[in-house]
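Report on the structure given below.
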Amino acid sequence: QADKYPAGLNPALCPNYPNCDNALIALYSNVAPAIPYAAAYNYPAGVSPAACPNYPFCGAIAPLGYHVREYPAGVHPAACPNYPYCV
């Protein structure tokens, strides 16, 4: 029976697979993706993560984000988030 059903499908919810009630499966299935765990960076004593987000390169200036480069000079991204359709 394990080879008949795809991974994540409860056989009790769909006894005649592949003819299933999609609303019932969506209601009772867990579709939340697993969040991978990433260990936090180990900052040495005296170095604040807020002051140096790209440690150990604290002296280097972080490049501008992609959304900042797309706006022309004088247009702030927070003032007009859907540029060029500003109101």
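Quick reminder: no glycine exception, Cβ is built from N, Cα and C everywhere.
Secondary structure from DSSP puts CYS14 (disulfide bond) in coil. The annotation disulfide bond is assigned in Swiss-Prot to CYS14-CYS20 (among others).
A C-beta separation below 8 Å, combined with a sequence spacing of at least six in one chain, links CYS58 (disulfide bond) to VAL47, ALA51, CYS52. The disulfide bond annotation in Swiss-Prot covers CYS52-CYS58 (among others).
Residues annotated as disulfide bond in Swiss-Prot: CYS80-CYS86 (among others). Secondary structure from DSSP puts CYS86 (disulfide bond) in coil.
Taken from Swiss-Prot, the feature pyrrolidone carboxylic acid covers GLN1, and the record attributes it to experimental evidence.
Taken from Swiss-Prot, the feature repeat '1' applies to 5-20.
Look at Swiss-Prot and you will find 43-58 tagged as repeat '2'.
Residues of the same chain that lie 6+ residues outside the repeat '3' (71-86) never bring a C-beta to less than 8 angstroms of a C-beta in it. Residues or ranges marked as repeat '3' in Swiss-Prot: 71-86.
Cα-Cα distance from CYS20 (disulfide bond) to CYS80 (disulfide bond): 46 Å (rounded to the nearest whole number).
The Cβ of CYS80 (disulfide bond) lies under 8 Å from the Cβ of TYR71, CYS86, each of these being in the same chain and 6 or more residues away along the sequence.
Comparing Cβ neighbour counts within 10 Å across the disulfide-bonded residues CYS14, CYS20, CYS86, the minimum falls on CYS86. Across the repeat '2' (43-58), DSSP classifies residues as 0 helix, 0 strand, 16 coil.
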